[in-house]
Amino acid sequence: MRAQPKASHFIDGEYVEDAAGTVIESIYPATGEVIARLYAATPAIVEKAIAAAKRAQPEWAAMSPTARGRILKRAAEIMRERNRELSELETLDTGKPIQETIVADPTSGADSFEFFGGIAPAALNGDYIPLGGDFAYTKRVPLGVCVGIGAWNYPQQIACWKGAPALVAGNSMVFKPSENTPLGALKIAEILIEAGLPKGLYNVVQGDRSTGPLLVNHPDVAKVSLTGSVPTGRKVYEAAAAGLRHVTMELGGKSPLIVFDDADLESAIGGAMLGNFYSTGQVCSNGTRVFVQKKIKQSFLARLKERTDAIVIGDPMDEATQLGPMVSTAQRDKVFSYIEKGKSEGARLVTGGGIPNNVSAEGTYIQPTVFADVTDEMTIAREEIFGPVMCVLDFDDEAEVVARANATEFGLSAGVFTADLTRAHRVVDRLEAGTLWINTYNLCPVEIPFGGSKQSGFGRENSAEALKHYTELKTVYVGMGPVEAPY
């Protein structure tokens, strides 16, 4: 098989196999080919991984942030040196075009290692608090063993986004990738060892829905970081709460992207397409509710159709391909069910909605799809589809669109396109979301915090802010004189 790893799991610095686990077949979405066969972690494998992480963490935490950061920066260098190899693996794992993975996936992971490796000495600090004769100080200390649970849309990126802040803060990690995309995280673990990371600090275990509870409920786990759906998030949160564990969650969204009539039309359409079709629409922060002011609705839709129909769909390994297949048959079928629901509820299909003609019949392809005349109560305007389906809604004025944009249980992201920056800042202040863009969309450099509100989760990935979620504050009071007691 073309992408078979040495073994299913990576624990304590080496590959580990246990064929007693449930079989996981890694399928290349473009052709339906089985490219690797792995095994889900048994309870014994989970125990082995957590034991390794627990054993290795104290010595790692005793190292200086500079020393820890140096190893992460070396891992970033190795990832960049092997960007082509890692990008091709990511394409096999996910079906995303190589045109995309080579600029957005391993490189983003490398950015994370480099960023956190660089800021650790300055960011992992505390405060000095004078108290007259006495004084106090605070320091940030690691939590211990952290569990990362990844999603299938950006497997390598997520493995790094969770691993980098955890490791540089002095923690160890056990990472479980999605069973749909099991391959990339194993390579990340290999590279970290090559970069000099001590054994046991970054472990990868494969698994399905039954594996998560084994990790989350383990008494030696101090922290859980999840990227996934809202239903999964609720289950993980409930389990983690029973053990009073630290939790951060980046969950789903149904984000609004608002286009006012003074916006640059081409830029707004470009932003809407990035926010709906990149990664074949499988991005949690996508702006899938595109609100267009009525004055420009027809011109917006006409040009949007032209540009959408020109998207190149095909073999993900062809660098000319702009849109690849869905990650799995199950996900494609789910998206098709939403398309049918949109039609039946009265939305107007502008373009797409079917299977492209020029692709493998065994691939999980779907055309980029645009619906117009969508109303707020329609299913496709309320539920996260997680596929290349854009819903265009129209609006009259600012107050109306802000109220409608906020009328959702989600709060991950939002975007505003307008030439009036005063209005832009006023609108984003009123939008209920954690990550917002003005006159662009879906740009997430590691320097800025990323995360949501409401049912879209809590906590933040990236930026120095992320380190707060992988450390806790220790306060030390220093008495400088005799102790006075009333007895």
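Think of each number as a place in line: the chain as shown, counted from 1.
Placement of Cβ uses the backbone N, Cα and C atoms for every residue, glycine included.
Pulled from Swiss-Prot:
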type	residues	note
BINDING	Ser26, Ile27, Asp93	K(+) 1 binding site
ACT_SITE	Lys162	active site, charge relay system
BINDING	Leu244, Lys454, Gly457	K(+) 2 binding site
ACT_SITE	Glu250	active site, proton acceptor
MOD_RES	Cys284	cysteine sulfenic acid (-SOH)
ACT_SITE	Glu461	active site, charge relay system
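Positions of the features from Swiss-Prot, shown on the structure.
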residue: Ser26; record: K(+) 1 binding site; Cβ neighbours (10 Å): 22
residue: Ile27; record: K(+) 1 binding site; Cβ neighbours (10 Å): 20
residue: Asp93; record: K(+) 1 binding site; Cβ neighbours (10 Å): 30
residue: Lys162; record: active site, charge relay system; Cβ neighbours (10 Å): 27
residue: Leu244; record: K(+) 2 binding site; Cβ neighbours (10 Å): 8
residue: Glu250; record: active site, proton acceptor; Cβ neighbours (10 Å): 28
residue: Cys284; record: cysteine sulfenic acid (-SOH); Cβ neighbours (10 Å): 24
residue: Lys454; record: K(+) 2 binding site; Cβ neighbours (10 Å): 18
residue: Gly457; record: K(+) 2 binding site; Cβ neighbours (10 Å): 28
residue: Glu461; record: active site, charge relay system; Cβ neighbours (10 Å): 26
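In this structure, the C-alpha atom of Leu244 (K(+) 2 binding site) lies 21 angstrom from that of Glu461 (active site, charge relay system). When the recorded positions Asp93, Lys454, Glu461 are compared by Cα distance to Glu250 (active site, proton acceptor), the shortest distance belongs to Glu461. The Cα of Cys284 (cysteine sulfenic acid (-SOH)) lies closest to that of Gly457, out of the recorded positions Ser26, Ile27, Lys162, Lys454, Gly457.
Taking the Cα atom of each, Gly457 (K(+) 2 binding site) and Lys162 (active site, charge relay system) are about 15 angstrom apart.
Listed in chain order, the residues near the K(+) 1 site other than Ser26, Ile27, Asp93 are Ala3, Glu25, Tyr28, Pro29, Val34, Ile35, Ala36, Leu92, Thr94, Asn180, Thr181, Pro182, Leu183, each with its Cβ within 8 Å of the site Cβ centroid.
In the three-state DSSP assignment, the secondary structure recorded for Lys162 (active site, charge relay system) is helix.
In the three-state DSSP scheme, Cys284 (cysteine sulfenic acid (-SOH)) is classed as coil. Nothing from the binding-site residues Ser26, Ile27, Asp93, Lys454 places its Cα within 10 Å of the Cα belonging to Lys162 (active site, charge relay system).
With respect to their backbone Cα atoms, Ile27 (K(+) 1 binding site) and Glu461 (active site, charge relay system) stand 29 Å from each other.
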